[in-house]
Structure formats: C-alpha cells, structure tokens
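Taken from TrEMBL, the feature active site, proton acceptor applies to Glu1223. What TrEMBL records for Cys39, Cys42, Cys74, Cys76 is [2Fe-2S] cluster binding site. The annotation substrate binding site is assigned in TrEMBL to Glu764, Arg842, Phe876. The annotation compositional bias 'Gly residues' is assigned in TrEMBL to 120-145. The compositional bias 'Low complexity' feature in TrEMBL is assigned to 146-178. The compositional bias 'Polar residues' annotation in TrEMBL covers 179-188. The domain 'FAD-binding PCMH-type' annotation in TrEMBL covers 233-418. What TrEMBL lists as region 'Disordered' is 107-212.
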Amino acid sequence: MPLCAAHGLAVTTVEGIGSSKTRLHPVQERLAKSHGSQCGFCTPGIVMSMYTLLRNQPQPSMQDVETYMQGNLCRCTGYRAILDGLRTLTTDSGGCGVQNCCRTNGSSGCGPGDRQTNGTGSGQNGTGSGENGTGSGLNGSGSGENGTNSGQNGTNSGQNGTNSGENGTNSGQNGTGSRQNGTPTNGTYREEDRVGTSLFNTERLTPYDPSQEAIFPPELMLRPDWVSRPLKFSGPRVTWHRPATLSELLRLKATYPNAKLVNGNTEIGVEVKLKRCEYPVLINPGQVTELTSVTWDEDGVTFGAAVTLSDIEAELLTAQSQQPAWKTRVFSAITEMLRWFAGTQIRNVSAIGGNIMTGSPISDLVPLLMSADSQLTLMTSSGEQRTVPIRGFYTAYRRNVAKPDEILLSVTVPYTAEDEFFMGFKQAHRRDDDIAIVNAGFFVRIRDQKVHTFRATSWDDSLLQEAVSLLLEDLPLGPSAPGGMIEYRRTLTLSFFFKFYLQTCGWITGRVDESCKSVLEKFHRPTPASTQLYQVVPDDQPVEDLVGRPVAHMSALKQVTGEAQYLDDIPPLAGELHAGFVLSSRAHARIASVDAREALQEPGATHFFSAKDIAPERNKTGPSPHHQDEEVFRAETVTSMGQVIGLVLACDRATAQRAAKKDAIRENSFTPTVHYFEHGDVNAAFSSAAHVVEGSVRMGGQEHFYLETVGCIAVPKEDNEMEVHVSSQGLNINQMLIARALGVPANRIVCKAKRLGGGFGGKESRTCSVTTPVAVAANRSGRPVRAVLERDEDMASMGTRHPMLAKYRAGVTVEGKVTCVEMEIFLNAGFSHDLSLGVISRATTSCDNAYHYPAYRITGKLCLTNTPSNTAFRGFGGPQGSMVAEAMMDDIASQLRLDATQVRMVNLVQEGHLNVTRQPMVQVTVDRCIAEVVQKAGFRRLQREVETFNRLNRWKKRGVALIPNKFNIAFGLALLNQGGALVHIYTDGSVLVTVGGVEMGQGLFTKCYQVVTRVLGVSADRVYISETATDKVPNASPTAASMSTDLYGAAVLNACEQLRERLAPFRKAAPDGTFSDWVLAAYQSRVCLSVCGFEATKGLAFDPLTHIGDMYSYFVFGAACSLVEVDCLTGDHQVLKTDIVMDVGESLNPAIDIGQIEGAFMQGYGLFCMERLKYSPNGFNFTRGPGAYKIPGFGDIPLELHVSLLRGSPNPRAVYSSKAVGEPPLFSAASVFFAIKEAVRAARAQNGISEPLRMESPATPDRIRMACRDMFTDKLPPAPEPGSFKPWMVDL
C-alpha cells in the first residue's frame, strides 16, 4: 500500500498493541506460548492479521482465522503451532479437532471419517484427561503448574515471561525415572509410561477483552476531511493525486492521459519494484463517490470501478442469501473465485477496475465477467459515457479499446435466468494466494431442452464431444508459448468443461452419477486437527531444571512484539552508505567493459567498485577449501546470471538499487567422479537375481525462501579492523574470505550475528558473495556500508538445493528383497563447487535410506552448469539420496506387483547391518517407528478405505503411503565436528553464555540455556545468551548438519560442568546458601568464573580413500504415513492425514523438537509436491519472487497432522541422551509424494494403463494430471520432439 494512500488513516503496528516490557496483547501471548514463533521474522505479520480479525470480529471461527491468514507465509513452523495458539481465541477452541481422539491410550487413532469441525477431544489444549486415561499431565497439574518455583531462584524463565507450568511442561507429572549424567534409568520403552499431549497450558492465557483495545485516534475523528479532501504529493520522481470528485478525476486524466490510476497498488507496485517501470503521475480514485458506489436493479448489480474486492464479495454473498440460487449463479462463481484471490489484505484494497484495466492474461475475474457478458461503462474527460461489452473490450495482450482520456467508471454483472447455467474454475500451483495456471468461465442457456448458446442442440454426450473438439481448436498453444505446461493447460480446459457439463446435467435432471459426485464438490477445508505426543519429565526433576520441558523459545516474546532485532533493524550508522549490486544478466558472456558513469550520475550515488579495485590474487574466492573457483567481482567472464560484477554505493537504498540497475547446461561438463562406493560382487549378484528392476528419478531444486533475505553491514575501523554484521550461519567462513579479500589477518575481522530470519543452509556459504564485495567497498570508501538484497536479487543469485538425476538398477528376489544395487547420482552444482562436494558425499551415503544393500556400486557426480552456484539446504544431499532409494523400492513393488509397504519392510536395515560406508548400524529404531505409525495411523484400515473409495469414485482417487527415514548425523568432513562456548558467571549470580552457533529459529539458544539451568541449578531468568561473534568463539563450524546442539550445547555443558566443579567447595561449605552466595564466595576466593567449553565429536575416523572408519556419529530414524486425495481432472491434491513418529532420543525440549519436525515436514512437502524452479533456456530464473515461486501456506497443512516422539530411546552420543532434529524429519514428506503416486496408479489402472509410472519431483498439478491419462489427455495431438522447438522453460 503506498504511503500516500495512508493519509488520514490510523496505522497500528505490532509494537503498538503490546510489549514484553509492559503488557502482551492476547494474540502475542498465544503465539509466544503456543510455540508459534521460531525464527520470528514472519511473526509480526501473523500477529497483526489476527489482531485485525479480532477488531473486526471479536468471536471468530477457525475458518475466519484461516481466511485472514491467507497471504502470510512461514518457512519455519509448519503452521500447526500458530493455528493452535490462535484457536484459543476462536469459537472452535478446545481439543485436537478429532472427535473422541484416542491416540493417547494406545488405539489406532481417528480416521478421516471421525473428524468433527469444532474439535473437542484431547490435544493442543490439554483437556479431557479423564476420558483418555493419560493422567494429570493433560491438565497441567503438579509443581510446575501450581508454583512459580523455589524462592531463592526467582520466577523461573523470566526471559520468556512464563514459568514451566505456563508452558505446559507440568513437572509434577509421573515420569520415567531419574536422570543423572545424561543417562535415563528407563532405557526401555514401557507402554504404561505417562505421555505428554499438551505443549502449552491454555488455562492461564489472558482472555481477550475487546473493550481494552485502543480507540481510534480522536484527532483523526475530528478531521474527517483528511480522508475526503483532494490531495497532491510531489516528489522528485513521482506525483501522487487523490481527487475528491469525479470531475476532478476526469480533469486530471485529461491533463495527464498517460497517468496510471492506482487503488491497491498490487499491479503497479510489482511493475515498479521488479520490472523497473516508472510512472511519473499516479492518480488514486478511492474517494470518488461514483467509482466506489454499488447499485442494484432488476438486471443485476453495478459496481463502481474502485469498489474493493472485499466489498464486492460482501455484496454478492448478501445477494446469494436473499435471492434464489438460480438467479445468483454468476455471483456464486465470483465469490467462490474470490476465496482464492490473493489474501484478505490484498482484497481489502484491490479494486475490480484495476483487475479489468490491467488486462492480465492470468486474471481471476475477467474470464468470469466475459462469460457472464458483463458490461463496462467508460467515461471521457468531457463527461461522455459509453457502454462496452467486456467481451469486446480487449484488443491484444494488455491492450483494450479505452481511449487515453477515458476512465472505467463501472462494471455491471447480470443475474442469471432460471434456464441459464454458470460456473467458474481456477487451477493454480497453490490453492491460496496464487496466480492461475488456467482460469475459465462457462455459461449456457437451455430452453425447451435446446441449447441456445452452442451449435449442438441437446445437452448430451454429442455436445460434450463437439465442445472438446472446439476447445482444442480454439486453444492451439504452440510448444514455445509463454507459461509452458502446454499439454496440461489444454487438458485443463477440457477438464473444466467436463465438470461444467456434469454439473449442468445435474441441474437439468436433478441427478449426477454417484461415481462423479465427488469431483463436483466445492472445495471445503475443515479445521485442521492435530496431536503431539512426547515423554514427560520425571516427578522429582527440580523445577528450575528445564531440560526435557517444552519451554517456549527464549526470544518468543521479543518476536511477537516486534522487539527482536534482525540485521536490518540495526539503526543507521554515522556516514553509512548503501550498496546496490550490479548483477550479470547473461548466463555465459565475456565482460567487454564496465562503465559506471551513468550510474554515478544518479543523484546520491557516491562510489562504484568492481574487479579493478581489488588485486587479482585477492579477487579469487570461494567457500570450498579445495576450489577457489569464484571471484569477489567478476573480472573477465560471467558464467551465470546473478553474479556480482560491481557495487554502487549511495546515500540511501533506493538510490543504490536504482543506480545499480543502469546497466544452460554445458554438455558433458562434469567434475571428476567424486564419490564411489562398492561392496560385494555386484556383477555376480545381478547374474543370479530373480528379477532386475531398472529406473530413474528426477528431483528438482528448491529455493530456500528464508523470510529475511541475505544482508550485511560492514563497519571499517582503525588498524584495518572491520566489524561485519551478517545474516549468516557461517560466520567463520565469512571472516576468512573477507580477510583474504582485504589482505589482512583474520584477527582484524569480527563477524557478528544476533539472530537470523531463517537460514536452512542457504546462509551457510553463499552469504560470502555479498559480504566480501561489501567489505571491499567499506574498506575502500572508509565508510560503513549496508547491503540487504531484495527478494528477487536473493533468489537470482544465492543458489538453491541441488537438482538431481539418478539412475538405478536393482537385483531382487521374488519377494522383493534387494540383493544388489547399482546407482549413478548426478547433482547440478551450478557455476562453482561451493559446498557441492559435501552435498554429493551425503547424497551417495544416504542412498540406502533405511534399507540394507548386500552388494552395491554407487557413483556420485557433480555437473557444472551456467546457473547460480547451488549450495547447502536442509538435508544437504540427504533427501536426494533417500529419494533414490524410495523411488527404487516403489518401482520394485510396482513391477513385481507387490505391496509397496511389504517391499520396504523386507529390506529394512537391522541392528548390526553395515551401511554404504561400511559403518555398523547401532541403536536401530526404524522398526519401532514404523510399528507405532502403523498402529496410530490405522494404516491397514486406511488401505482398505482407500481401496473402497477408489472403487466408488471415478474422477477422484486416494492413495496412502508409509515411508521410513534414516538420517546420518555429523558433518561429513570430520574436522568440522567441533564447537566452542564461552560462559561467564558474574558476582550477582547471573550467567552469560556465548556459543559459536547461530540462532536462526531452530531453538539452539533455548536448548543451551536449558542445559545451563540443569548443570548450574539456576533459574532461566539468571541466564542470558548473547550474540554470536567470531571474537568470542573463534573458528566455529557453520551452524548446520543438525549438529548445532550436539556441538554447542555440549560445549556449554562442558563449560558449565567446569564451573560447577569450581563452585563445589563453596556449595559444600554453605549448603543452605544460594547460587549467588556461592558465586560471590568463589570470587572473593579468587576463583576464575569464566570458562571456554569445547566439544569434539568422538569416534569419527572415516578415511575417504580407504573407506575405513565411522563417518557419522549416530543415526536418526523415523517413519511417516500420509493419506492424500487427488482430483484426476485437474491434478489438484489434498493431504488428508499425516502421522509422523521420530526418534529424537530423550528430547531436550519437546516443543522445539516437534516444531522442527512439523516445519521440516512442510518444507519437505514443498520440495516434493509444490516448489518448482523454472528457468528460461537462456538461464533466466522465472521463479524469483513469491508471485511465481510458491511455498506451502496455511491452507496446505494436512487436515490431520499427528506427531509422536519415540519414547524410551536414549542416545549416549549427544547432550543428555538427545538426538539431532533439524534435518531428519524433512524426508517424512516423501510419504505424500508416494501417496500421490498410489492415487495416480489407481486412476491409470481404472483407465487400463499398465505401463510403469514415471513421476518427477515435485509432483505439481500438471505432472499429476498428465500422469493420470484418460480420454481427455488422449485427445491431445502428439507433443513435438524435444529439440525441434525452443521451450519457454526448462526443468533443471
């Protein structure tokens, strides 16, 4: 929304509704206590969306909440925790959302048919403990609930503003034995152990009281003319007009015929920001009465062109409630379309006139308005009006018949007659807030059983066949047409018409074939349901000991109130300049010259730096220790779009970016084979195999889409010192490469990070491509330099997850048991090595997933391409490797006609088996995870229900899949498995901790302070963890590989144990004293109260040349079962149910661990089912922003999501018997992918297609639809041969 449009309005921000220092707003309190904030960068937007809903509707339903959350994105939490917290403010509050939920008493749980929308069972809110027999833990009773902890230690967790009882940790619950020295006494699983089911306590939440909200500012109420009077704002580049009358608007349009009329700025804002368009004059018609009025008559409704989409929706819904259904069929189609039109925030400001005048080919409303024969009224500056049918309004792409001095005055939408039938359709990659792949509107008039709007005479199968032929003729998309997906888009038009045909048959006859009914149902998403199960702490655990309790993230209160400081929140420094990057716009080209004169002529631009400003030997850079194959500034050639050619410095960010903008895969381009594993006589095993199954699998890349883009602030100091604030997971890497570029020792460079707004591996190494040129610019200019990438710049240059192609061959027995395997894995590395050697290493060592291969030959290769250098991403090659294993198991089951789950079970790894690196498998719990998933999900029952559903439904199919998971824990490079911490105790008894790891939402700092509370016996409010900095903990490994708690938590443990030993004599001398007393006594005795803790992971001795020794510290196992439903006509799908069991050892913090599992699952769901990178053949990234690249939203979480932490599974190799949790759960989402494949197979079988199914990841709607194969896809002409045309897009 433009700032000018806010004149006269009251603007409320997240800081204005509550504060951690005074009083939290109920929305803020709930998000913090329900663990709905991880990295926190998205949290203020979510808070304000819910706040807005409550101001408009103090008693909302969960359906209202989901509507208001449209347009909000979160990359960390998986959304469940957010919805659970907000649920307590709704009329649906209470329970897990499943009627009579019985998961906590050992039954198979609730099936899809057992749901109820109001949700009154046990679960998030911890109610109903009596019915389910799980004990007082559900009600949160016990010492943690009723007390604030012992007097001498304060209030327990003051930083979080909550005690352990408020977080629902219920320390008084029945536990499973004492814990000493990190080893639980209950090393075995016992069914009778009490299970925690509530992660936060809802009983102590502050009730919402609308009367306590801030009133509208009186000074604005007294000046209504501020909103209604004409306005003019003039700037150096743009003039903004807000006329108050129609005559004034027409006069402005006559004076400025090329001026743009702007209401919500949703189109022009994108054009200005991303397409660099300039519009010197903008006119906002939002105060012109004639353009904001709504008029009803006997023919229909007329909307002023500036009426917002929200107001249109409200008007049409009212009409539908007051008029016969047949009369409002057009209105019904429009309101249904508006449900999926952007988000509430956009619909509140976007106007129907903008949607029409833009003439976008992806408009949601224009096809409906054209089908309904809507009429447009245009007016000239002289006041002349003319009415134009919208069907004749457009003349070409984004061109129409309006004259330069004409405005769109109004739009008239007609009623439908009783014999007129109308429907609208939209298909997108994501249901909520996404642009359409295909939109359609269909209208037919049938009188006296004759069709009056079609050449055929009767509404029967002959008409259907003729319509299909005509649609194919009318949409002859060429193979190079913009948008790609040619066959899919053509098929969608046929599918949409078929749905319209079926529905119209139903309207006419009152009957629809039972097998077709489900595909005609309007999409309705019930309120999501969920459960979370974990092991509670022992009864005798001291209340100040927070280990094992689901305490809230230590920064949660700051994040929900907007007080948490991220990099770009650091106030401007004296003399600070802003950097704008000059990025390459070619995938492969020679740099003829770099001329900065035009850029420096931009007012406010001060400096330009490029390769000429740095010595050639220092210009070489790159995070790979073996390959310095990158440059700080590209000197002679560019090998990808998005590489840094130069840097413009200016007085502000907009000027820097404006000045900076003045300005394919190589065949057989492989690195040498970097990983090769072989064991056994593979050739002999293949010769004796009963069956040999061959196949291949492709897996696309994935954009990190962290909410906070990469940025840094470089501050030069004396003696060549430089302080660099950087949003990076790898401060040490940045420190070393900056020092190299500046030609100074590393001790002159200090890199710092307070917190990151997400990372996921994308900020491990690629941040160096930003920090090093910025540091050079700061050094050369002698002034602080700030650079924060715009979203499109970040996505164009920072790299993605490595796309993969794998080929496999397996020898199997008649039962499907694998006897030998041969695999070849190719990863797209991009233009440089970056961390790709490590990624291919993990991919090749993960390609067994949770299975055992008796004999194998595995090869991994990296492919160098003219695309941005790909990099670390959650899983670091693990998901790619595991996907190869699962694709192979799926093919084995399909080709041998065996049950896929049974094939997986007979190949499961067992205790003592050796993995592909010949490391013995110990503490194998995958069989337990699977058994628990099978039991809790009711897997066999689901299989039977799926079979029945598929038999009864022609055009919708369901699939269910159960997938095991193994993830290898440790950095593949042994030297990185070390971490440090610095712990101080001050004389007042407070503790300061600094670790080498970076907090980015994963809860590292929270777990570290939980460790401190246990070892030192202090309450959490006495502990503070400061920012991460290279001058506090040197040589820190990147915060990656799921090792941060294993390394830095262990380092904190080591430091605190040393301090505890130093305090032991004083504790013994004064056993009744307080911690502060003992600390003061130690100080007075001149005992050092500062310790550097250190952890080096033991037992890692893998030799990459001989393949001897252990490569990994331990393994994390899990299993997931997902049930999906696929619309075979559109390729759309919905996840009905997912059950996940993960072995995370003895959880340090169940709330954080479950949050990590859910967040990883949803990120994996995006990887396998939604997020698709699209490049032009020339290397241009089409998906470089949220408009084109879609990550999962609130509406994409499973309708039921049940997460259990495996109990009784201690891990002796990590902190307090815990296990890593950040990356392992991501592959759980593969269960959705393979469930979709099962549904598609059911559709193909029904159509008589028996050939093997090949489906690439991600399983986007186009791939699902075209894989289903039916009478409509078969009508398409054969696709042209690859190479005979230039496609619009390519998949990497």
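Each residue, glycine too, has its Cβ placed from N, Cα and C.
Caution: TrEMBL annotation is automatic and unverified by curators.
Features per TrEMBL, on structure.
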residue	record	Cβ within 10 Å
Cys39	[2Fe-2S] cluster binding site	29
Cys42	[2Fe-2S] cluster binding site	23
Cys74	[2Fe-2S] cluster binding site	29
Cys76	[2Fe-2S] cluster binding site	30
Glu764	substrate binding site	26
Arg842	substrate binding site	27
Phe876	substrate binding site	28
Glu1223	active site, proton acceptor	27
Taking Cα atoms as reference points, which of the recorded positions Cys39, Cys42, Cys76, Glu1223 is nearest to Phe876 (substrate binding site)? Glu1223
Roughly how many Å separate the Cα of Cys42 ([2Fe-2S] cluster binding site) from that of Glu1223 (active site, proton acceptor), to the nearest whole number? 21
Whole-Å Cα distance, Arg842 (substrate binding site) to the residue listed as 'active site, proton acceptor', is 13
Neighbourhood of the substrate site (Glu764, Arg842, Phe876): other residues with Cβ within 8 Å of the Cβ centroid, in order? Gly761, Leu835, Gly838, Val839, Ala872, Phe873, Gly875, Gly877, Gly972, Ala1040, Ala1041
The residue listed as 'active site, proton acceptor': which of the binding-site residues Cys39, Cys74, Cys76, Glu764 is the nearest Cα neighbour? Cys76
Between Glu764 (substrate binding site) and Cys74 ([2Fe-2S] cluster binding site): CA-CA distance (Å): 20
How many whole Å apart are the CA atoms of Glu764 (substrate binding site) and Cys76 ([2Fe-2S] cluster binding site)? 17
Given the recorded [2Fe-2S] cluster site (Cys39, Cys42, Cys74, Cys76), which additional residues of the same chain have their Cβ within 8 Å of the Cβ centre, ordered by sequence? Ser37, Gln38, Gly40, Phe41, Thr43, Leu73, Arg75, Thr77, Leu707, Gly757, Gly758, Gly1001, Gly1159
In whole Å, could you give the widest CA to CA gap in the substrate site formed by Glu764, Arg842, Phe876? 16
